[in-house]
Amino acid sequence: MKLFKSVKTTLLAASLVLSSPMAMADIHFLVPAGPGGGWDTTARGVGEGLVKAGIDDNASFQNMSGGGGGRAIAYLIESGTKKGDILMVNSTPIVLRALTGKIPYSYRDLTPVASMIADFGAFVVRNDSPYKTWQDVIKALKEDPSSIKVAGGSARGSMDHLVAAQAAKAGGIDGRRIRYIPYDGGGKAKAGLLSGEVNLLSTGLSEALEVANGGQARVLAVTSPEALTDYPQIPTLKSMGYDMEFVNWRGFFAAPNLPADKLAQYTEKLRKLQSTPEWETVRARNGWLNLFQEKDEFIESLEKQEAQLKVVMQELGFIRKAD
Amino acid sequence: MFDGIMLGLSTVLDFNNLMYVIAGCLVGTFIGMLPGLGPITAIALMIPITYSIGADSGMILMAGVYYGAIFGGSTSSILINAPGVAGTVASSFDGYPLAKQGHAGKALAIAAYSSFIGGTIGAILLMVAAPLLAKVSLSFQSPDYVVLMFLGLTAIAAFSNKGQFLKAMMMTVFGLMLATVGIDPSSGTERFTFGQADLLDGISFLLIAMATFALAEALINVVKPEKKDAKSLNDSDTPQIGSTKLTKDEVKDMAPVVGRSSFLGFIVGVLPGAGATIASFMAYATERNLAPKGLKEKFGKGSLRGLAAPESANNAACTGSFVPLLTLGIPGSGTTAIMLGALIAYGIQPGPMLMQENPSVFWSVIVSMYFGNIVLLILNLPLIPYFAKVLAMPKSVLTVMILFFSLIGVYLVSFNTFDLFMMVGVALVALVLRLLAFPMAPLLLGFILGDMIERNFRRSMMISDGSLSFLWDRPLTLSIFILSILVLLFPLKDYLKQRRADKTASKLQQEQVQ
């Protein structure tokens with residue numbers, strides 16, 4: 001695979017002869033999961049953008065799955081800044097899994113560099129569903145919380161479940177009484193919804209749009225703080241008067257104790273990338289929404305999310321209340 | 001539909017696209033042949049290339065890589081007992097014994113022909129009935145998957161020959177137990193991880209398959225060399241590779257098997273929760289149950305039917321998995337999930353509207369499948385003798401190479417040294433078990449199906465509020481359930497008959513003695 005990787009990077013480099021020479025060192029992207037998933041596409045998309053926009057000459061990628069992403073974090077901490085310019089991609093799970101103790105580290109053990117893109121939680125029903133609006137769902141849940149089976153693409157206590165429980169809570173329903181049905185991946189959860197064995201699907205907005213654009217389902221609500229410019233017709237929970245927002249960011253982390261000049265260099269590269277047409281191509285192709293936050297702002301939002309998730313998980317009984 | 005076929009033909013017959021079909025099949029075959037690298041890796045590697053070509057060409061290339069990789073995977077299963085892809089595990093059950101008996105050429109040829117027919121029948125069904133089958137794929141709910149996989153488990157019967165029943169059951173349970181390691185899919189708690197972060201994601205299929213099949217086999221060659229050497233000395237009189245030609249009788253014998261398995265494989269492949277692995281196991285089990293008495297016993301010991309069935313089923317299932325992908329936008333496997341991502345990156349939304357909105361993508365993928373299957377056959381038939389030469393290597397070299405490639409294959413997927421240690425450990429346990437004549441296939445079967453059975457079973461329980469009534473509430477579930485019970489009880493009839501015959505025979509004997 002190393003061989004393929006180098007072949008691939010050469011191919012990538014060869015196809016982009018016009019990249020201008022830059023004095024800065026190239027970035028090595030560390031992906032804490034196998035190829036093909038969300039983390040992988042983000043890292044490769046950013047790398048492709050950097051190279052095509054001429055910000056970097058080259059970009060290399062390394063997949064390191066295992067331990068729910070924990071192995072890659074351990075690797076980054078261990079190798080420190082010695083092994084060159086490594087940026088690890090991650091997202092909400094780094095906060096979530098640190099809270100449950102599934103990974104023995106948190107984002108505090110690393111240097112948060114910047115967040116790049118965002119996805120939001122979304123709720124989907126079949127076209128023939130009796131629930132026409134999110135208010136209908138809340139009403140039904142209030143009458144009988146077990147009347148609605150909520151599907152999600154991951155185990156109990158992971159993002160899809162927590163977002164659904166939080167949204168229910170914002171509607172005045174006990175999050176613990178939500179009937180969450182876990183599926184093995186978003187695709188099977190979608191099949192479950194369409195086959196009729198569940199009533200509601202809790203998933204990311206981009207996945208929700210995949211089914212909705214196919215014309216078989218409707219998106220009832222999204223957890224973004226404001227209405228989305230690309231999809232103004234989807235109501236946000238906030239706009240309907242439910243005080244709940246949830247952002248699933250994806251961003252980059254570097255080794256602990258990163259020298260300030262290195263951090264500035266990485267941030268500069270990623271900021272520069274934001275305004276390039278090459279990044280716009282990658283972003284639009286994947287249906288991502290920009291969420292560029294530099295170090296301090298990024299850390300602030302991480303802390304905010306950690307506090308938010310901690311409360312939900314305590315309420316649901318996944319972690320014990322702080323003594 | 002005719003317009004569609006013409007549209008697809010005109011796209012595929014473009015020189016560049018034909019090249020992409022050929023390149024995809026070639027690359028896929030070689031990547032798939034390496035133990036450890038399967039269609040997921042192969043397609044993920046292709047993605048950067050597909051961005052620079054159009055959507056039609058990109059999908060044609062990826063589809064070629066996909067069935068090329070499945071096809072290539074069976075080569076390593078047959079030759080060195082190293083099934084790198086779950087879909088080709090069943091091919092090693094009879095393929096490897098055939099190769100060991102000096103019929104490697106024939107085994108590879110059967111694999112090539114069966115894959116070709118399976119893929120082609122699949123492509124025809126996809127073309128004729130894709131929109132209709134979309135409904136079928138959504139009619140399956142979690143309880144149906146439970147009973148379907150239960151039916152798949154009955155394939156274990158194939159390994160429980162005389163005196164082996166208990167051992168086969170024990171290995172199945174062992175496999176089911178291994179499948180529980182990792183994060184509990186329903187509650188999110190850790191099980192049997194012993195605080196090891198490396199065990200959080202469970203044990204990978206690849207690791208178990210490589211350790212129990214390829215590594216253990218290589219170790220057996222080291223531990224018990226005398227027996228093998230004597231055998232190979234005898235064999236060396238005849239060419240080890242054997243001819244790739246099939247006799248008329250063999251073709252006649254296998255034709256119905258391939259036909260049935262292709263249909264079965266395609267239908268199972270259409271279900272988003274099943275896929276090529278389940279399809280190949282079910283085809284294997286079905287054919288064993290249908291086989292006449294004399295042929296039944298050959299299963300697991302080099303039966304031609306036992307190789308043809310899973311090989312046609314897994315290729316047909318791969319084609320079948322395009323039904324939910326293209327018509328519903330639902331990926332049934334990791335591989336099709338990556339392809340869905342690629343389609344969306346092109347700005348194409350798979351779903352019921354795809355045929356109207358992007359007919360050229362839809363039809364060119366389907367038409368490219370015919371060409372892809374022909375290309376695979378043409379590419380591979382002349383290469384078989386060269387592939388099979390692997391077996392002509394001295395045992396001392398081959399064993400080392402198998403050890404090397406299976407360890408490297410597992411490492412390249414996870415980049416985790418822990419996996420290597422665990423693999424060696426599993427292989428040693430497997431070696432001991434094999435020396436005690438425990439069959440390994442039920443272990444793998446239990447391991448693969450265990451995870452899926454558990455997820456679907458617990459989901460069904462949650463949906464039905466903890467009641468087991470889901471087993472008979474829906475006619476579909478009930479009929480599959482009854483079918484699997486019949487399959488379980490069917491051999492009992494033969495057994496009772498046999499016993500009665502034995503009894504009368506012994507009575508006769510006694511009388512004669514008196």
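Note that Cβ sites are derived from N, Cα and C of the backbone, with glycine treated the same way.
Heads up, TrEMBL stuff is auto-annotated, nobody curated it.
Per TrEMBL, the feature domain 'DUF112' maps to B:18-445.
The transmembrane segment feature in TrEMBL is assigned to B:20-47 (among others). Beyond its flanks by at least six residues, the transmembrane segment (B:20-47) meets 12, 53, 57, 60-73, 75-76, 80, 82-85, 206, 210, 214, 334-335, 338-339, 342, 368, 371-372, 375-376, 379-380, 387, 405-406, 408-410, 412-413 of its own chain at Cβ-Cβ distances under 8 Å.
Note on the transmembrane segment (B:59-80): residues 11-12, 17, 20-35, 37-39, 42-43, 46, 49-50, 53, 87-89, 91-92, 95-96, 98-99, 104, 107-108, 111-112, 115, 119, 214, 217, 276, 307, 311, 314-315, 318-319, 322, 335, 339, 342-343, 361, 364-365, 368-369, 372-373, 375-376, 380, 387-388, 390-391, 398, 402, 405 of its chain, located 6 or more positions outside it, place their CB under 8 angstroms from a CB of the stretch. Per TrEMBL, transmembrane segment is recorded for B:59-80 (among others).
Tertiary neighbourhood of the transmembrane segment (B:107-130): same-chain residues 1, 5, 67, 70-71, 74-75, 78-79, 91, 95, 98-99, 244-246, 254, 258-259, 261-263, 265-266, 269, 304, 307-309, 311-320, 322-323, 326-327, 366, 369-370, 372-374, 376-377, 380-381, 384, 387-388, selected by CB-CB distance under 8 Å and a gap of 6+ residues from either end. The feature transmembrane segment is assigned by TrEMBL to B:107-130 (among others).
Sequence annotations record features per position, and here TrEMBL assigns transmembrane segment to B:142-159 (among others).
Annotated transmembrane segment per TrEMBL: B:165-183 (among others), in sequence order. Proximity of distant same-chain residues to the transmembrane segment (B:165-183), defined by a Cβ-Cβ separation under 8 Å and at least 6 residues beyond the stretch ends, is recorded for 153, 156, 159, 189-193, 199-203, 208, 433, 437-440, 442-451, 453-454.
Look at TrEMBL and you will find B:203-223 (among others) tagged as transmembrane segment.
Per TrEMBL, transmembrane segment is recorded for B:263-286 (among others). Beyond the ends of the transmembrane segment (B:263-286), by six or more residues, the same chain brings 70, 86-91, 93, 118, 121-122, 125-126, 133, 136-137, 140, 142, 145, 148-149, 151-152, 154-155, 157-158, 299, 306, 309-321, 323-324, 330-333, 445, 448-449, 452, 456, 487 to within a C-beta distance below 8 angstroms of the stretch.
Residues or ranges marked as transmembrane segment by TrEMBL: B:322-348 (among others). For the transmembrane segment (B:322-348), the list of distant contacts is 38-40, 43-44, 47, 50-51, 55, 58-59, 62-63, 66, 126, 130-131, 133-134, 137-138, 269-276, 354-355, 357-358, 361-362, 365-366: same-chain residues at least six beyond its ends, Cβ to Cβ under 8 Å.
Packing against the transmembrane segment (B:360-384) from elsewhere in the chain are residues 4-5, 7-9, 11-12, 17-18, 21-22, 24-26, 29, 55-56, 59-60, 63-64, 67-68, 71, 105, 108-109, 112-113, 115-116, 119-120, 122-123, 126-127, 244, 315, 319, 322, 326, 343, 348, 354: each is 6 or more residues past its ends and has a CB under 8 Å from a CB in it. Per TrEMBL, transmembrane segment is recorded for B:360-384 (among others).
Marked as transmembrane segment by TrEMBL: B:396-414 (among others).
Among the features that TrEMBL reports, transmembrane segment is placed at B:420-450 (among others).
Annotation comment: TrEMBL describes B:471-492 (among others) as transmembrane segment. Proximity of distant same-chain residues to the transmembrane segment (B:471-492), defined by a Cβ-Cβ separation under 8 Å and at least 6 residues beyond the stretch ends, is recorded for 139-141, 143-144, 146-148, 150-151, 154, 157, 285, 289, 464.
Listed as Cβ neighbours of the transmembrane segment (B:396-414) (distance under 8 Å, sequence separation of 6 or more from its ends, same chain) are residues 34-37, 41, 80, 82, 84, 204, 206-207, 210-211, 214-215, 217-218, 221-222, 390, 420, 423. Same-chain neighbours of the transmembrane segment (B:420-450): 86, 89, 93, 149, 152-153, 155-156, 158-160, 164, 167-180, 198, 203, 205, 207-213, 215-216, 219-220, 223-224, 277-278, 281, 300, 406-407, 410-411, counting only residues six or more beyond its ends whose CB sits under 8 Å from a CB of the stretch.
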